[in-house]
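Quick look at what TrEMBL lists:
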- 87-115: region 'Disordered' (REGION)
- 137-498: domain 'Aminotransferase class I/classII large' (DOMAIN)
- Ser524: Mg(2+) binding site (BINDING)
- Gly546, Asn602, Lys603, Ile604, Asp605: GTP binding site (BINDING)
Amino acid sequence: MVLVTSSRARRSQPRIITPNKPAEGKNMYPEHVIKGLTTDTNGLNLHENCMKQQLKKDNGLLSPQRQHSPSSFEDDGLLLSTSPFCMSYDRQRKRQSPPPEREWRTLPASEHSKNTVNPIRRIVDVMSVEPNPAKSLIKLHLGDPTLTGTLPPSDAVLKALQEALMSEKYNGYGPAVGLVEVREALARHVTTPEAPVTAEDFILTSGCSHALELAIEGMANAGDNILVPRPGFPLYTTLMRPHGIEDRHYDLQMENGALVNLQHLESLIDERTRAIIVCNPSNPTGAVYSKAHLEAILRIADLYKVPVIADEIYGGMVYDGAVFYPMATLEPKVPIISCDGIAKRYLVPGWRLGWLTIHDRHGALKNVRDGLRNLAQKIVGPCALVQGALPAILDNTPAEFFEHVRNVLTLNAKAAYNTLSAVPGLKPVRPQGAMYMMIGFDADNFPAFKGDELSFVKALIAEESVYCLPGTAFHCPGWIRLVLTYPEEVTLDACERIAAFCSRHYSLRRPTVVANGCYKSSSSIGLDSERLTLNGNEFIAYDIGGHAQAVRLWKDYYPAVDAIIFIIDTSDPQKLPLAKNELSAILMEEQVANCAIAVLGNKIDRFGALSEQQLEDYFELATWRTGKQKGSAGVDRGRRPLEIFMSSITAGQGYGDAFRWINMQLS
C-alpha cells in the first residue's frame, strides 16, 4: 500500500491506490505493518482513513480492468511502489523496455584508491629475488615483532583476552569512540600531573595507524599540508595523498643521531600547515629524542601556532640509558594529539587496538574533537572483545615483561651496531629505541650498485639470504633498515653476512678530506702507510698494527719515529689490560722519549665505550698529559707531549684533532 499526493493537483484528502483486492475479511498487509504506517505528510492517520475504507477502490486513478502485479503501478508517468516499507514515489518516464543484453566490462578503480599506495608494499613486491639456497633466510625487513618467536606476548595479556571472551560482555556494539570503562582505564594509566586527561579525551581506534588516520583527516583538508619526518614512517604519506593533503618532509640529521633539523622544520611552515607529526621513538631510525630536543620542537609549534600529532607507539621501547618523554608532558600551550596502541609495547599487533589522546588545555581543538568523534563512527568502534581486555592488560602486565623486551632489543642493537660500524663503507645510526636500525652506505665504496640501495638489497638477498628494507621506502635513498627482534645469535649471523657481502663489493676510495681540514693525497706508498699533508706540512703515517706479531716489530720502527698515535678500543674491556701494558712499555722506551704521543680512544660511539675521564683513570695518564695546545706548562718543562683524543674512525669523528695536534707539535 502507498499513500501519495500528486504535485499536479493538491487535494485535501489523499488518493488511495489499491492493488488486487484481498480476500473478504482479510487485510492485504499484516496488522503489525499497518500499525507502523501512522500518518502522511498532511498529518492524516493512515490507519483510520485508509484501513476503514478496506482498500476498496482506486478512485479513478487506476482502471479496475487493468491488471497489475502487487509490486508496482504506473499511471500518467507516476511510478508507485507497493512495498509496505516504502512511502515515497518518483516521477519518472514510463518504464522502458529492458536494455539489450551486454557483456561485463572491466570497471575502473576510483581515483582515491589509485592514490592510496604504501611504499613498503610496492618495494617489497619488486624485491622478488631468489635467495641463496645454501643459506638460511633471515628476514630483517618486516616490522612485526611476533614473526621471530623471540618476543611472545605476556601471559597476563593472553589471560585478559580469555577472561573478556568468557565473560560474554563484549559481543555487541559499543560506542564509536570506545567503551566508557575502557577509556576510563586508559585515563588512569596515561594521566600525569603535567598532562591530566579524562575518559572524554580518548578515542579508541583499530590500531595506532587508524588513530593516525583519524588525526590527519580531522586536522586537514585538500590543499593543506602536514609536516612529516624524513626518513619517516611511509604510512603518513599513504594516509594523506588520497585526500589531497601534502606530506611536507622535514629532514632528520642522520649524521647527528637522526635528530630533527630544526631550521629545516621551521622553514617549511606556512599558512596551510595544519600539524607537525613527530615520531618518537623513531621508526625507522631508532632515535630517542631528549627532553631539550622535544622542547625545541614544541617552541617552534607554539611560535607558529601549529598543533602536533605525536606518534608514540614505541614509547615504552627504549634502552641504552635513553628516556622517553611524552610530548604532552612538556608543553601545556601546544595542542597535541598523541597516537598509541598495544601493537608494539604489548607485542600483539594483530589485535588491532589503538587510541588517540587529545591534549588541549585551552580549547583550540574543540571543533577538531567533534570532527574526530564523527570520523570514529565510520567503523562503529574497534573490536569490543579486545577493548574489554584492555583494562586488565594495562593493570596486570608485569614489569619483568617490559624489561625482557628491552634486554632483547639492547643485545640485538649492540650486536648489530658494533659489527656493522666496523665495516668499511657502512655508517649505522646508533639506536636507543623502537625496533630498528638505519645503516647508510657510501655509494663511492660500492660502485657496482651505482648508489641504488634497492640493487644493494637485492644483491644481498641473492648472495647472503638476508632481507633488509631499502631507504627509499622511508624517503631516504642511500640507506637500509634492519629490525632488531631476532635472537641475538641470529642478528649477529645476519650482520656478519652483511659484512662479508660488503667486503666482496667494497672498493677503496681515497678521499680528499680526512677530517676537518686534514688532507690526504691521492698517492700511497704501500698498503700500510699513507702520505698526508696538513697545513702545508707533509708527513707519512705508518699503520704497523696491534696484534701480537706486529707488537714484536714495533721497536724496529722507533729510531725513525717523530710521533706516535696509540689507538685504544674503548668499547672492548677485554682488550684494555693488554693495551695498558703496551702503552706503559712505550712510555718507558728511551728511543721514543721525545716523541709526541696522541692516545686515541676509538669506537666511542659503541655501546659501553669508556669516556675520556674513564680512559685517563684506567691508563693512569693524568700525570702524563701535557695539554692540547702547544706551549703548555708540561711541554715547557721538557716533558714529552702527550694527550688523549676521543674518536670514532668509522664515523669520521675526532681523529682529525689528533693529527692537527701532532702537526702542531712537529712544527
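A Cβ is built for glycine as well, from the same backbone N, Cα and C atoms used for every other residue.
Feature annotations (TrEMBL) mapped to structure.
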residue	record	CB count, 10 Å
Gly546	GTP binding site	16
Asn602	GTP binding site	21
Lys603	GTP binding site	24
Ile604	GTP binding site	18
Asp605	GTP binding site	22
Mean predicted confidence [pLDDT] for the domain 'Aminotransferase class I/classII large' (137-498): 96
GTP binding residues Gly546, Asn602, Lys603, Ile604, Asp605: largest Cα-Cα distance, in Å and rounded to whole number: 21
DSSP three-state assignment for Ile604 (GTP binding site): coil
